[in-house]
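If you check TrEMBL, you get these features:
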DOMAIN    8-333  domain 'Amino acid transporter transmembrane'
TRANSMEM  9-32  transmembrane segment
TRANSMEM  52-68  transmembrane segment
TRANSMEM  80-102  transmembrane segment
TRANSMEM  160-181  transmembrane segment
TRANSMEM  201-226  transmembrane segment
TRANSMEM  258-289  transmembrane segment
TRANSMEM  309-333  transmembrane segment
Amino acid sequence: FGFLVGSGWAFYLMVAVQGAINVGVTIGSILLAGNSLQIMYTTLVPYGPLKLYHFIVAVASVLALLSQMPSFHSLRYINLGSLVLSVGYTILVSAACIRAGLSSNAPAKDYSLSTSKSEKTFDAFLSVSILAAAFGNGILPEIQATLVPPAAGKMVKALVINYSVAFFTFYPLAITGYWAFGKTVQSNAIQSLMPATGPSLAPRWLLCLTVVLVLFQLLAIALLYAQVVYEVMEKRVADATRGRFSWRNLLPRVAMRTLYVALCAFVAAALPFFGEIVGVIGAVGYIPLDFILPVVMYNMVVSPPRRSVVYVTNVAIMVLFTGLGVIGAVASVRKLALNAGRFTLFNDHVVK
C-alpha cells in the first residue's frame, strides 16, 4: 500500500487503522482473559474479595513477561497451540450450552427482538461490525510480503484455512449459546453457564478446563497482535548495528513493551466493554482494511476501464462498506454510551 500511495496522508491513515486494530485486540484479549480468570475464581471461591481488575493485572503481568519474545518467528509454536486451544474451547463450550439448554434448570429462552426500530437497526449494524472483526483478521495485506512467489495461490489457500477455522470456532458457539439462553446470552458464553442465582449449568471441571483453554488462547492472540506494535515502536529506538540482546536494544525493548501492556491493561480494567470494543474494532479497523482497501488497491494496480463492470463493482463495494463502517462505528459508540450508566470505572463485571 505504501508503494502505491507513497508516504502521504493515505499511508498514515492505513497505519492508524492497523494500529487501532492491534491495540483494540490487545485490550479486548486482556479484558476477556481477566474475566476468564475471574470466572474460575468465583467458581472455586464464590465470595472471594478479588475483583476483575486484580485478574487483569495478573494477566497483564504474564503478558508483559511473554512479550519479551523478540519476533514473530518466536511465536510460531504459540500460534499453533492457540489453534488447538480454540478448537478444544469451541467443542467444550458448545457441548456445555447444549447440555444447559436441555437441562431442567435451563433459564427461560427469549428470542424476541427490541420493539424499537431504531434499536434493531443499530444492533444490526453493530453485529455487522462484530462479524467483520471475527472474520476480518484473515486478510492482512502485509502477510503477502512474507510469502515466496507466487503469493496469490498461497494466500487463497491460507484464507480458505483461516475462514474454515473461524467458521468452526465462532458459529457453533453463537448458535448453541443463543439457542440455550436466547437474547440474554453473555458476550462470554461461560458466564451464561454460571447464573447469578441457582446451580451452575455445567460441571465445575468443564468450566475450569474451558477457562484454562481460553486463557492461554487469549494470551497467544494478544502476543500476536501486540508484536506488530512492538515492531513499529522498536524500529525508531533500536540500533541495528548492535545485537538483539545487547543492553542497548534489550533495555528499551523491555521498557516499551512493558509500558504498552500496562496501558492496554489500564484501559481494559477501566472500561470493561467487551462486545462494544469488538464492534468498534470491526467498524473502524477491519471493514476498511478488508473490504475497502483491497478494491481500492485493485483499481489502482490493474487500472480497469472506468466504465467496466469490475471497476464499477469495486467502487460500489467501497461505497457500501464505507457506509457500513461509519454506521457500525456510530452503533458501537452509541451502545457504549447507553451502557455507560450501568457501571463505574474499574467495574467488577464485564458489561455485556
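Quick reminder: no glycine exception, Cβ is built from N, Cα and C everywhere.
The list of residues near the transmembrane segment (80-102) in space but at least 6 beyond its ends in sequence, with Cβ under 8 angstroms from a Cβ of it, reads 109, 165, 168-169, 172-173, 176-177, 179-181, 189-190, 192-193, 201-202, 206-207, 209-210, 213-214, 216-217, 220-221, 224. The stretch in 9-32, 160-181, 201-226, 309-333 that contributes the largest number of Cβ pairs under 8 Å to the transmembrane segment (52-68) is 201-226. Same-chain residues lying 6 or more positions outside the transmembrane segment (9-32) and placing a CB less than 8 Å from one of its CB atoms are 1-2, 56, 59-60, 63, 137, 188, 214, 218-219, 221-222, 225-226, 228-229, 232, 261, 264-265, 267-269, 272, 274, 277-278, 280-281, 284-286, 288-289, 293, 350. Residues 21-22, 25-26, 29-30, 32-33, 36-37, 39-40, 43-44, 59, 62-63, 66-67, 69, 72, 75, 78-79, 81-82, 85-86, 88-89, 92-93, 96, 99-100, 103, 105-106, 190, 192-195, 257, 260-261, 264 of the same chain, all 6+ positions outside the transmembrane segment (201-226), place their C-beta atoms under 8 angstroms from a C-beta of that stretch.
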